[in-house]
Each structure stands twice: as structure tokens, then as C-alpha cells.
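Notes follow once the structure below has been shown.
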Amino acid sequence: MPDKTSYIFSNARIATLGENAEGLGLIDNAVLAVKDGKIAYVGPENALPAEYASFEKIDCENRLITPGLVDCHTHLVHAGNRAHEFELRLNGATYEEVARAGGGIVSSVKNLRAASEDDLVRETLPRLDALIAEGVTTVEVKSGYGLDRDSEIKSLKAARRLGEERDVTVRTTFLGAHALPPEMNGDKAAYIDRVINDMLPAIAAENLADAVDGFCEGIAFLPDEIARVFDAAKAHNIPVKLHADQLSNLHGAALAASYDALSADHLEYTDADGATAMAKAGTVAVLLPGAYYFIRETQKPPVELFRAAGTKMALATDNNPGTSPLTSLLLTMNMGATLFRMTVDECIAGVTREAARALGLLDQTGTLEIGKDADLAIWDVERPAELVYRIGFNPLWKRVFKGQI
């Protein structure tokens, strides 16, 4: 394979995922030209511009090319694991009971605060490598296990370093409003003050966050508390995202939409008004079947409402130590189909085009269109449905990141 960024993939089936394409935008007998790390042409081989005819050709032998996969919701940077809580839940404890007893997110805080930045990078890289091995070229990574200024900064710096250690685009999200740390003794107002006046200004000053997130739930923060964080984020010109309506309907989806959020995530209890508000605002619904499966939820996100409203839907692993220790977007797609009844096209778009949209990156990646980064996944499959259908099997042939094979 050429160690350069200008060449042609020939003899391929290509799923462009273009905005105006029908379905997945499939093109048979297609070629994709890469020039200087960007997509220069994608389409029928017989229409290839003459200027690319001399480029070295790589025969795909009729394999399928899709955009590189995008995991748009992860908590990839964390220390330790919570296998003991998994056992507790197997014995009957609920997520809420574990959290209120001092477990859950707060139990990860102790581990992260004790870890160095180097420790965090070292522990996270194997999880990132698992995603990369399945064709992921872009990953979002949240903080939220530090819950104080220095630890949140440490988390975000570790996340940024992942993109230096591996050929992958990393988008960082500040999730200070994730849980109330034990030292606050239940004083949520004072903690939100700390998020707004201490953590966020320091993080913004170092340009460490591409977005600001919050956990809007009875066991975390209420809508008025999240609104304070979002107002502060907007003052720093940082876009927002929201963990919303996972365990109850606090109208988090509508709250996110009112701030033109990039995405609202989980959404098991979102109602029709929330779905409509998201569609109007262009806020992507990021569905997380790994968490639904792992904590044995019974309330499914309202996929039919999202379809009816025209709300864009993405899928993500939600990789985290407590409720979704999942490092496979291929399995996530299968779960989206089997658990949430999403279609094959919705699942594949959900980990490419719509996931890129949820990160504000659709102008750069997520579809195979001229001028975008040559982020590609090439699969040894006959039809796209195989990517969603198989369980525990990885048919990736080649992964391309910004033109580099």
C-alpha cells in the first residue's frame, strides 16, 4: 500500500452517505480518488477525470467503501472499572440505587483523581485501539470523572493526547455537570457555581473543550441547573450537548434544542414535543443501545417519533466504566437494529454522517464527498447490511485516516 496521500481506490462499491443521496448513496463499479489527504473524486470509474488517471490504483476487488466510522459519545478516558457494580446490578440493585449509595459516577471520580495524565492515556489507548480496529476515524471523548478543575483539565488533556498517539480525530467535551462530587455535601448550587466560575473559564482559556455537556436527570442535575451551565458555555462560544431523558422525562430534549445543542443523547423518555423541538433546532438524537442493554432498561427511545418529526439519529458506544463498557461500533449498530428497530440505513448513517453532524464535523467527515477528509473504512462484505447483521465479527479490510492508509 502506498505511504502517501494521493491515489485511487478502484473496483469498489461505495456508500457515499451524501446528504442528498438516496439511501446510503450506493455506487457500483466506482472509484474514489484521494489527493493530498482529501477526497478528489467519487463516482463511476468511466467518469473519472483525466487529471487523476495517472494516480496509483488500489484494487478493492468489489469491496464496500464507507466513510470512516464516528463514535460521537464516549467517556473513553477513565481509570479503573466498575465490574463490582455490574455484579450488584445482577443481584438486583438498580442504577439509581447504586448511584445514591455513593457508587456510579462518583466511584469513578476517586480513581481518576488518583491517576496521572500519563496513567489515563496509557489506560485509555487499548480502548481507543479497539475502536480504531473497527474503522473508527473520529471519536468524541468526554471528561466528567474529575469533578474539580485540575482533574477535569487533566482528563481533557489526556483526551487530546489520544489524537497525538494515534491517527484519529478526537473531539473533547467538558462534562463538569456530570455528578455532584462528595466534597460538596449535597450543595448542587455551589457546585454549579464552581463549574461555571472556576472550571469552565480555565478550560476555555486553554481551549481544551470542543463542546460542553451535562447530565440532566433527577439523580444528577435539574433543567434549571443545566441551563446555567449552558448559558456560561454560550458566553464562551462553546457549543453544547446534553445527556437527556434517559431515566425520566425532565424535558431535557427540548432544553437541549432551546440552546441549539449539537445533540441530545440517550432520550429513552423523550416525548413528541421534545422530538419536534430537536428536529427544528437541528439537534441530533444520539441513541446509546449499549447503555440500554447493559443496565437492562425497558423504555426504548422513541425512534418512531424521531422519524415522524424528522429528527436526525446517530448511534454511539457511550463507552464508560459503569453503564456501557462497550468498544464496538459494529455491535452498537446491531443493537440499534435489534433493540431499537432502526433500519440498516439508519444504523450505518448513525455511525457516519449523523455522528459527524452530532460533533459539528459534517463539513469535514462523515460522508464521501469531494473536498472532505479522506476518512474511509473499506469492508470485505458484499452488501451494507452485513455490517449491521453480524455479531462479534469484524470485516474491516482497510482503514484510511486523512488519506493515510
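Even glycines carry a Cβ here, placed using N, Cα and C.
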According to Swiss-Prot, which candidate in Asp148, Asp150, Asp167, Asp318 joins His73, His75, His243 at the Fe(3+) site: Asp318
Swiss-Prot N-formimidoyl-L-glutamate site partner of Asn320, Gly322, selected from Tyr7, Tyr41, Tyr52, Tyr145: Tyr145
Same-site residue for 4-imidazolone-5-propanoate (record: Swiss-Prot; known: Arg82, Tyr145, His178, Gln246; options: Thr5, Thr317, Thr323, Thr327): Thr323
Site with most surrounding Cβ atoms, counting all protein chains shown within 10 Å, from the binding-site residues Gln246, Asn320, Thr323: Gln246
Which binding-site residues sit within 10 Å of His243 (Fe(3+) binding site) - Cα, from Arg82, His178, Thr323: His178
Fewest-neighbour residue among binding-site residues, criterion Cβ within 10 Å, set His75, Arg82, His178: Arg82
Spatial neighbours of Gly322 (N-formimidoyl-L-glutamate binding site), counting only the binding-site residues His73, Arg82, Tyr145, Gln246 and Cα distances within 10 Å: Arg82
Per DSSP, three-state class assigned to Asn320 (N-formimidoyl-L-glutamate binding site): strand
